[in-house]
């Protein structure tokens, strides 16, 4: 064997020996990635399943949606009675037989109910968006984790083959981005929804928030001159009886009902904004900031480890 061959063989041996820790790290990451992607680490994969949390979030959103639907149906029933009572068919008799002020109050009540229905529809759309985001995060979390393993492996491989600061920085930023996306989908989003349910219960107790559909249903029954246990009459008959009720009750009771309805609608709108936007948004932002801090801390420790391995792998001159 010639001197050049011996020198080449010694150089290869020194290269492998100098990079033995990085090689071990790459082999370990490769095995972990392959085993996880092939489903051989089913026991580890179950650690990332959050069935109880997902179920709790689903029940919370479904309950909130049914609550809003009940409120919407209450508003819809009262709005139908008010619209028929104020329709053109009864307009002439309404104006001649009653005070014009009552007609204005009735129109104000109709406007308030329309705003309330709009708020509830937007709230139900927001719940649908939250449900879609929760399902998407549940689906993307395992895919992002597998992609994270692959990216960390290639980052370590690049550090092994190309000891370039540019390659290392680019791959490092890519790893951080995927790690942030994984933690957001796996932790930040589901726990933000879960914590929102608890925070909402606390807010409801502090503010004494109750369902408003019973109040609006009661007003609709009062305006139509019927109770919920009586047989349902024709909608026009409800309008006529509503006019008769307003003629007897006059402006005093109706003015109170308009003010009360306005208060309930605006308070419900503020509560929905707090429940569906402010609380989840603040919790999600807090979780993201916390996770980014954790990732930055892990990244600093990994950089120290990698620099230590590089110093170990540098041949002595």
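Cβ coordinates come from backbone N, Cα and C, glycine included.
Here TrEMBL flags 21-41 (among others) as transmembrane segment.
As annotated by TrEMBL, transmembrane segment applies to 72-98 (among others).
The transmembrane segment annotation in TrEMBL covers 119-137 (among others). Residues 54, 57-58, 61, 64-65, 68-69, 71-72, 75, 184-186, 189-190, 193, 265, 268-269, 272, 276-277, 280 of the same chain sit 6 or more residues outside the transmembrane segment (119-137) yet have a Cβ under 8 Å from a Cβ within it.
For 143-162 (among others), the entry in TrEMBL reads transmembrane segment.
According to TrEMBL, the transmembrane segment annotation covers 174-193 (among others).
TrEMBL lists 269-295 (among others) with the feature transmembrane segment. Residues 64, 68, 115-116, 119-120, 122-123, 126-127, 130, 176, 179-180, 183-184, 187-189, 191-193, 195-196, 199-200, 203, 207, 209 of the same chain lie 6 or more positions beyond the ends of the transmembrane segment (269-295) yet place their CB under 8 Å from a CB of it.
Note on the transmembrane segment (174-193): residues 48, 50, 53-54, 57, 60-61, 130, 133-134, 136-138, 140-141, 144-145, 147-148, 151-152, 155, 280, 283-284, 287-288, 291-292, 294-295, 299 of its chain, located 6 or more positions outside it, place their CB under 8 angstroms from a CB of the stretch.
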